[in-house]
Amino acid sequence: MSSYLILKYIHVLAVIVAVGTNATYGVWMALGARQPDSLRAILSGVGFLDNRIANPAYGLLLITGLAMLYAGHLFVSTPWIATALGLYVVAMALGARGATPALRTQLQALESGGLQSERYQRAAARGRTLGVIFMVLVLVITFLMVAKPALWG
Ligand code: HEM
């Protein structure tokens, strides 16, 4: 098997881990809202999954993606690759500067003011919105990777 295919295999495994983990957050949050006693543990659990499982897998996606460009003699200037890479950067910035801080604020607000506090509710709503936008970006990237549309040029 070529090194390109081995890289692609690892790339797809990383997609499964990263996107699959992210997809469970909504379920965790819904369960947490129904069981306020477990909410603190659930929020820290989501934070742990994000830091230790999902985000490293997104890092591995970039590394294996770039390695495939090299191994497969592909160009960053290819429209579907350039668009996907741009969306990847936007999505990662949104996660690091928006969603992750919102989760941290949510935990702090839960401890200081409780579930009904305005600070908690605001951080939870912000995290939800950013999470949905992040998932849409990732779904668009996945489509670009799978369909490789010509787009322009
Ligand atoms: C959220 C980020 C990403 C997701 C969800 C994703 C998803 C995927 C999927 C599902 C495939 C398999 C498509 C196929 O074989 O037909 C793939 C292939 C590929 N991806 Fe990604 N990817 C991501 C990030 C990246 C990045 C950042 C790069 C480049 C820097 C990249 C470069 C590639 C390349 C070169 C292929 C191989 C295409 C082929 O062999 O036909 N990916 N990606």
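Every residue, even glycine, has its Cβ placed from backbone N, Cα and C.
Remember, TrEMBL labels are computer predictions, not curated facts.
Residues 38-39, 42-43, 45-46, 49-50, 53-55, 57-58, 60-61, 64-65, 67-68, 71, 124, 127-128, 131, 134-135, 138, 142 of the same chain lie 6+ residues outside the transmembrane segment (6-32) yet bring a C-beta within less than 8 angstroms of a C-beta in it. Annotation source TrEMBL lists transmembrane segment at 6-32 (among others).
Annotated transmembrane segment per TrEMBL: 53-72 (among others), in sequence order. Sequence-remote contacts of a segment are chain residues at least 6 beyond its ends whose Cβ falls under 8 Å from one of its Cβ atoms, and for the transmembrane segment (53-72) they are 2-4, 7-8, 10-11, 14-15, 17-18, 21-22, 81, 85, 88, 92, 95.
The transmembrane segment annotation in TrEMBL covers 78-96 (among others).
Annotation comment: TrEMBL describes 129-147 (among others) as transmembrane segment. Away from its own ends, the transmembrane segment (129-147) comes close to residues 15, 18-19, 22-23, 25-26, 80, 83-84, 87-88, 90-91, 94-95, 98-99, 102 of its chain (Cβ-Cβ under 8 Å, at least six residues beyond either end).
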